[in-house]
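Listed in TrEMBL:
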{"type": "ACT_SITE", "residues": "His108", "note": "active site, proton donor"}
{"type": "BINDING", "residues": "Gly16, Ser17, Asn18", "note": "N(1)-(5-phospho-beta-D-ribosyl)glycinamide binding site"}
{"type": "BINDING", "residues": "Arg62, Asn106", "note": "(6R)-10-formyltetrahydrofolate binding site"}
{"type": "DOMAIN", "residues": "7-186", "note": "domain 'Formyl transferase N-terminal'"}
{"type": "SITE", "residues": "Asp149", "note": "site 'Raises pKa of active site His'"}
Amino acid sequence: MSSPEIRIAVLVSGSGSNAEVIIRYFKDHPRIKVALLLSNNPQAYALERARRLEVPARAFSREDFKEEGAVLQWLKEDKITHIVLAGFLWLIPRYLITAYPDRIINIHPALLPKFGGKGMYGAKVHEAVKAAGETETGITIHLVNEHYDEGRTLFQGRCKVEDNHSPLEIAACVQKLEHEHYPRVIERWTTGEM
Ligand code: GAR
């Protein structure tokens, strides 16, 4: 008997470079399909990327993201099995975690539990790493629960931070790690290898 199809929805708030790498990685995958990209930000460049890559994409509002709203309905209609957060800013509400228990994954651009929590997003994280004089940073890929950046860690990757590194240089190293590892971790996680 063949295994059931894994259907991923990617949630994004901004540029979507990770979303693009993920979409490309699974393009001809035998079991895993990126079926939908959703954004809370109608201006997100990620929506444009998805359209170019021929992945159905939609923006949603706060209202749509409530329990009785459109988002859960779209996920169900599309038979989404797993949710991937790729630079998504809003807290995931409890009803969604209940609907997708251990089926929501996130990437954070630092070595959690350091530099995580509400408001720790994108460039702010790298500026905080620099200001704290850290000698290393990296990425954390983790399951999502109802608190920001607190679910079980699946993977961490590391970047060295030298004294003369700027937050932009730190960001470049972190982004490289993200693009290299996130699709592969998603593949292993969705197929039950981790
Ligand atoms: C990524 O660096 C991701 O780790 C981060 O947002 C960026 C999105 O970049 N996520 C967080 O900070 C979550 N707290 P992208 O839109 O180019 O993929």
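Yeah, the Cβs are placed from backbone N, Cα and C, and that goes for glycine too.
Since the structure is predicted, the reported quantities are computational estimates derived from the model, not experimental observations.
Here the features listed in TrEMBL are painted onto the structure.
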residue : record                                                  : DSSP class
Gly16   : N(1)-(5-phospho-beta-D-ribosyl)glycinamide binding site : coil
Arg62   : (6R)-10-formyltetrahydrofolate binding site             : coil
Asn106  : (6R)-10-formyltetrahydrofolate binding site             : strand
Asp149  : site 'Raises pKa of active site His'                    : coil
At 10 angstroms around each C-beta, which of the binding-site residues Ser17, Asn18, Asn106 has the fewest other C-beta atoms nearby? Ser17
Whole-number Å value for how far Asp149 (site 'Raises pKa of active site His') lies from Ser17 (N(1)-(5-phospho-beta-D-ribosyl)glycinamide binding site) (Cα to Cα): 20
Out of Arg62, His108, Asp149, point to the one nearest Asn18 (N(1)-(5-phospho-beta-D-ribosyl)glycinamide binding site) in space (Cα versus Cα); all of them are recorded positions in the record. His108
The residue listed as 'active site, proton donor': which of the recorded positions Gly16, Arg62, Asp149 is the nearest Cα neighbour? Asp149
Whole-number Å distance between the CA of Asn106 ((6R)-10-formyltetrahydrofolate binding site) and the CA of Asp149 (site 'Raises pKa of active site His')? 8
For Arg62 ((6R)-10-formyltetrahydrofolate binding site), the same-chain residues 6+ apart in sequence with C-beta under 8 angstroms from its C-beta are Asn40
Please report the distance from the Cα of Asp149 (site 'Raises pKa of active site His') to the Cα of Gly16 (N(1)-(5-phospho-beta-D-ribosyl)glycinamide binding site), rounded to the nearest angstrom. 19
Residues lining the N(1)-(5-phospho-beta-D-ribosyl)glycinamide site besides Gly16, Ser17, Asn18 (CB within 8 A of their CB center) are Val12, Gly14, Ser15, Ala19, Glu20, Val21, Ile22, Ala46, Arg49, Ala86, Gly87
